[in-house]
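Asks: Please read through the structure below; I'll follow up with questions.
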Amino acid sequence: MAWWRIRHPLFLFDYTTVKYVVTQNRKVGLLYRIFQLTVMAYLIGWVFIEKKQYQAKDDTVESSVLTKFKGVASVNTTDFKIWGPEDYVYPKQGEDFLFIITNFIETPNQELGNCSEKSSIPDANCTKDEDCIKEEAVRAGNGIKTGLCLKTAGGSDGICEIKGWCPTEKHGKPDKATVLRQAENFTLYIRNFIRFSKFNFSKSNVKLNNSDDYLYLKSCLYDQIVHPYCPIFRLGDIVNKTGRNFQESAIMGGSFGIMIDWSCDLDKEDSHCNPHYSFISLGSNTTGFNFRIAEYSNDAEGKKQRTLYKVFGIHLQIIVFGTARKFNIINTIINIASVLTLMTAGSFLCDIILLYMMKKSTFYRDSKFERIAKNDKESPAKKMPEGPKRKFSL
Ligand SMILES: *[C@@H]1O[C@H](CO)[C@@H](O)[C@H](O)[C@H]1NC(C)=O
């Protein structure tokens, strides 16, 4: 026997081929066709058209935001002033975090000196001078204790005297009367520059190619339907679009988010990649937003003075997010392959029906599973009646 005829123990040189059995069972045939069509429809309709799985995606947006407020308001302070953006916007440089003063409590003409601490501060309550330790700061208070306990009229309890800005801040809740009514007409200009680094694609929400673009920017105001790409927003619109009322929110202040969503299909032209703006309220109706600022000046005798403002207002947070998608051959192949694997499930199901659930199942089983006996001479293939002769040649 020649050496190549000896069967290798590992069947190293064997190639296995699958034998197909063609049946003419219409029911199973139809079932399999329906299954194939369903899988194809799923692949084309859902995976490709609806989910666009043939595209690679990048959902990390690199973004920078510049903001600028415009508008003036007459303000009901003791010296009745006009406030511009340089007075009501914090921080001044215009970032994606913004605060716009819409209301305030004013404590005018504070001077450095000695006075009684606010009575509502527990750490400043006293009955005798020893309770007010000299040089100790009042916890959560406005100054340094002088060591004196000032008796309040009629009571035995008193309040510590402090060294600090006197008189101390006025009590009370923010008042409707001081609201900057015109603040609803302030406008916010947002310049947002984004980049999807995976596709090396960048874009800005402000288009400035020619003089028409400049003119448009000068006059437009964002409107979901008429001017969806105008980057200038009215403060009142931003608040009202979240379902809150501007004039009411202006009293105590509140937090709001401006969402800029970039969903870009980069297989289309650049002009199809545009921001979509939406507005949300961050926090409930009752959580206000406030902090304190002071303005310093000198009085007639040259003594230092300040006006303290507890300011309430609209806190805006600009949140940029998005996804870019672009055709990718690897994604396409992976998705086609994974869907086509489903076809195997179909064949498996049809096999089970054909081989075990039909009347002629035994017959089909016999044709599919061909038992070949050890002894070549008893092979059923040899016993089969002679059919049309086939010749194989390579
Ligand atoms: C805001 O502007 C509109 C029109 O430009 C005006 O009718 C309205 O009175 C203004 N609101 C306030 C509070 O000034």
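Backbone N, Cα and C define each Cβ position, glycine as well.
As listed in TrEMBL for this protein:
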{"type": "BINDING", "residues": "LYS68, PHE69, LYS70, THR187, ASN290, PHE291, ARG292, LYS310", "note": "ATP binding site"}
{"type": "DISULFID", "residues": "CYS115-CYS166", "note": "disulfide bond"}
{"type": "DISULFID", "residues": "CYS126-CYS149", "note": "disulfide bond"}
{"type": "DISULFID", "residues": "CYS132-CYS160", "note": "disulfide bond"}
{"type": "DISULFID", "residues": "CYS220-CYS230", "note": "disulfide bond"}
{"type": "DISULFID", "residues": "CYS264-CYS273", "note": "disulfide bond"}
{"type": "CARBOHYD", "residues": "ASN185", "note": "N-linked glycosylation site"}
{"type": "REGION", "residues": "375-394", "note": "region 'Disordered'"}
{"type": "TRANSMEM", "residues": "30-49", "note": "transmembrane segment"}
{"type": "TRANSMEM", "residues": "336-358", "note": "transmembrane segment"}
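Could you give the neighbours, burial and distances for every feature on this list?
Replies: Cβ neighbours of ASN290 (ATP binding site) (same chain, under 8 Å, six or more residues apart in sequence): PRO174, MET252, GLY253, LYS310, VAL311, PHE312, GLY313.
Other C-beta atoms found within 10 angstroms of the C-beta of CYS115 (disulfide bond) number 19, with every protein chain shown included.
Note on CYS149 (disulfide bond): other Cβ atoms within 10 Å of its Cβ, all shown chains, come to 21. CYS149 (disulfide bond) falls within a strand when secondary structure is assigned with DSSP.
Cβ neighbour count for CYS132 (disulfide bond) (all protein chains, 10 Å cutoff from its Cβ): 24. Look at CYS132 (disulfide bond): DSSP puts it in coil.
CYS230 (disulfide bond) counts 18 other C-beta atoms within 10 Å of its own C-beta, drawing on all protein chains shown.
Counting every protein chain shown, 24 other Cβ atoms lie within 10 Å of the Cβ of CYS264 (disulfide bond). According to DSSP, CYS264 (disulfide bond) sits within a strand segment.
ASN185 (N-linked glycosylation site) falls within a helix when secondary structure is assigned with DSSP. With a 10 A radius on its CB, ASN185 (N-linked glycosylation site) counts 14 other CB atoms from all the protein chains.
Listed as Cβ neighbours of the transmembrane segment (30-49) (distance under 8 Å, sequence separation of 6 or more from its ends, same chain) are residues 335-336, 339-340, 342-343, 346-347, 349-350, 353.
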Asks: To the nearest whole angstrom, state the Cα distance for the pair LYS68 (ATP binding site) and CYS126 (disulfide bond).
Replies: 49
Asks: Pick out which of the binding-site residues PHE69, PHE291 has the most other Cβ atoms within 10 Å of its own Cβ.
Replies: PHE69
Asks: For the ATP binding site, please report the maximum Cα-Cα distance among LYS68, PHE69, LYS70, THR187, ASN290, PHE291, ARG292, LYS310 in Å.
Replies: 24
Asks: Compile a sequence-ordered list of residues in the same chain as LYS70 (ATP binding site), six or more apart from it, whose Cβ lies below 8 A from its Cβ; state 'none' when nothing qualifies.
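Replies: Result: PRO85, PHE186, THR187, TYR189.
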Asks: Where the distance is taken from Cα to Cα, which of the binding-site residues PHE69, PHE291, ARG292 turns out closest to ASN185 (N-linked glycosylation site)?
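Replies: It is PHE69, whose Cα lies nearest.
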